[in-house]
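In TrEMBL this protein carries:
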- 1-36: region 'Disordered' (REGION)
- 22-31: compositional bias 'Polar residues' (COMPBIAS)
- 69-96: coiled coil (COILED)
- 152-194: repeat 'WD' (REPEAT)
- 195-226: repeat 'WD' (REPEAT)
- 278-319: repeat 'WD' (REPEAT)
- 320-361: repeat 'WD' (REPEAT)
- 364-404: repeat 'WD' (REPEAT)
Amino acid sequence: MPIESGSCAAARQAKQKRKSHSLSIRRTNSSEQERAGLQRDMLEGQDSKLPSSVRNTLLELFGQIEREFENLYIENLELRREIETLNERLAAEGQTIDGAELSKGQLKTKASHSTSQLSQKLKTTYKASTSKIVSSFKTTTSRAICQLVKEYVGHRDGIWDVSVAKTQPVVLGTASADHTALLWSIETGKCLVKYVGHVGSVNSIKFHPTEQVALTASGDQTAHIWRYIVQLPTPQPTADCNQISGEDEIEFSDKDEPDGDGDGSSDCPTIRVPLTSLKSHQGVVIAADWLVGGKQAVTASWDRTANLYDVETSELVHSLTGHDQELTHCCTHPTQRLVVTSSRDTTFRLWDFRDPSIHSVNVFQGHTDTVTSAVFTVGDNVVSGSDDRTVKVWDLKNMRSPIATIRTDSAVNRINVCVGQRIIALPHDNRQVRLFDMSGVRLARLPRSNRQGHRRMVCCSAWSEDHPICNLFTCGFDRQAIGWNINIPALLQEK
């Protein structure tokens, strides 16, 4: 009769443990309904002035919390078993490796390293699970603080960029893959002007700081400067878009998107010829912006360079080289002659044009994937977003490490900062838009349901701090832009 080896006995024992553990989980799950019914009976037996619907909702929420922590407890027990098994295995290896015992110090080092990895896994699991609970409470309050005001529908393809005019009349601008840029009335959602001068995707739009002039960047390897004249229509009463029904987390397919073919953008005035065309790039121009004062403009391209132009003469002043891969974005400082460019090479660079004879450059390294955008904020801070699912806040005086890091669950696209209130808007690939403060504390998430919010990737966000109706705009590849009213005092008070 063959004798069972030690390894086979250990395997059989482990199998029996897993079997008994799975049975305990089944028992736990099967008793949830009984427990919930018992709690409901106890609650109904108590005197309470709360309506029954509110009491039932509270009971369900607390039941969900109990289940979440129960799952965490079970996972914790499982991880502890794994740690014990690992320690036993390490102790056994210490007696047999190369026929000699490992020193206690070596065993302790190995065990502590493996234990720290499992401990980190436990912490990550705990944070992820508890964040779901916190999100379930924040969703209700966010609806009252972040309200959808207007949808701007008229493009025939995805919208890459959104911007708000800095001069009167204040209009909204959108840049789309359908080769057009549109200007909108913020209050009515009516298209005011259509620009059709590009023969490629329009990837960026920025308004001149003092004149009714727009700067657009395109896949046709050019950037155009064009003048517009608009007259705002009379505002109409706005329907309340926030009385919604259904859950906040309903998913959509790519087919569930608004049909822009029948919108009124086809009958608005059309501009076909630019004032100036900037032509020095050998690849797609992905972004463009005005330097302070509006006499110069900077462009960023897939040819790995950024170009500085004189607006009046259209001449190339400087070609900014140094990035190893395609550029993704460029941004200028609101009050100083500073430029940041971001790239697929996982870095962003700061260019200083304050001294005409010196064009210094600083390289910021801290991301592990494409830096999708980097923008200036108040003081000496820059905020960068990346496909590595992080957003980092930097001090220009210290390039070595960020002063704050925000970790998310999806790639981050073109971010924007509300300078006055120091709030960062993060548009995501997973169709979410989240708001954080400069220290990395999450403030809110914009509502998204079957009746409002973006249905596909959110590409860009833009704050308009002075507008009385909409102070945040987002755009996405569902071919629409959305205007939101964010109750900033209430948002900051909740924090």
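FYI, residue positions are counted from 1 along the chain as it appears here.
Placement of Cβ uses the backbone N, Cα and C atoms for every residue, glycine included.
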For the repeat 'WD' (152-194), distant same-chain residues with Cβ under 8 A (at least six beyond the ends): 200-212, 214, 216-218, 228, 230-236, 238, 258, 260-261, 263-266, 268-271, 287, 414, 456-457, 459-464, 466-467, 469-470, 473-483
Across the repeat 'WD' (364-404), average pLDDT on the 0 to 100 scale: 93
For the repeat 'WD' (364-404), the number of residues DSSP places in helix, strand and coil: 0 helix, 22 strand, 19 coil
